[in-house]
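Annotated DNA-binding region per TrEMBL: 22-41, in sequence order. Among the features that TrEMBL reports, domain 'BPL/LPL catalytic' is placed at 70-261. Annotation source TrEMBL lists biotin binding site at 117, 188.
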Ligand code: BTN
């Protein structure tokens, strides 16, 4: 059920260029005029600038820069994603909040977002730096009805969504470094951490964690990652509106997810490969007991990396270390 407050924002937002009278608001919201006035005061406290003119009514002048459930939902014309949003100014990790929400019965498509994370988690037990208001730190709760072994496809789908959004909205050429690092100009700007709860071979829920460095400058990154990490601002030269970027991602995510559920993985795979870093080029693969140069062909249906083996046949790789960059600037996928 939409709250009165959300409905009020929606009404004001729809009529941004004209005044809407207190009487009309009270009728549409089915609350008293003094209740409307109290909600207005609360919105102002949350950073909305509202103009009230006697005999005319109210209109929103500007929306807050601060993220909240309301500001994120305003204008988000999706069917199921972000219909429920949990926003925290500060939390340990949105992944943890998402797991708890899932256990408590939160619906498919719930979005958990924080301004700051104190223990942001990356893949392989790495730390994910999540400075306050500098980036997008969010988790999406999904309850997909797909076979357990196809779950890596969701991570690849998410990587494709991010790359497509950056390409369209920022006019840059992003690449996805298998399995799911988003690179611009060979620097990592975003990463994805997918966690899942399953029972036997049935998925109970999946939490897709998305970390995007948006408005950091070089000095904002800790020394140990400053060489290989970057932000959208550093790569485009402009500060970006977090709200807009989040909404664009959620809209594309919903669209691609629905299409994937209907049509299967083939089109996601094709799009992913269009963004694939080093596809068709040689990469160096290190496993426990050997090291070899091999051609990176693409990805398989189960999300594995496809390379050409010594006999010229296709081979799937799930683990091992991949050397993506020339020595001196080495990054590992695993
Ligand atoms: C990686 O590239 O290693 C994955 C990084 C994922 C970071 C995001 S930020 C939101 C969500 N909460 C976390 O603690 N991690 C993910």
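Glycine residues also receive a Cβ, built from the backbone N, Cα and C atoms like all the rest.
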Does DSSP put residue 117 (biotin binding site) in a helix, in a strand, or in coil? strand
Kindly assign residue 188 (biotin binding site) to one of the three DSSP-derived states: helix, strand or coil. strand
Quick one: of 117, 188, which of the binding-site residues has the smallest count of other CB atoms within 10 A? 188
Using DSSP, what's the helix, strand and coil tally for the DNA-binding region (22-41)? 17 helix, 0 strand, 3 coil
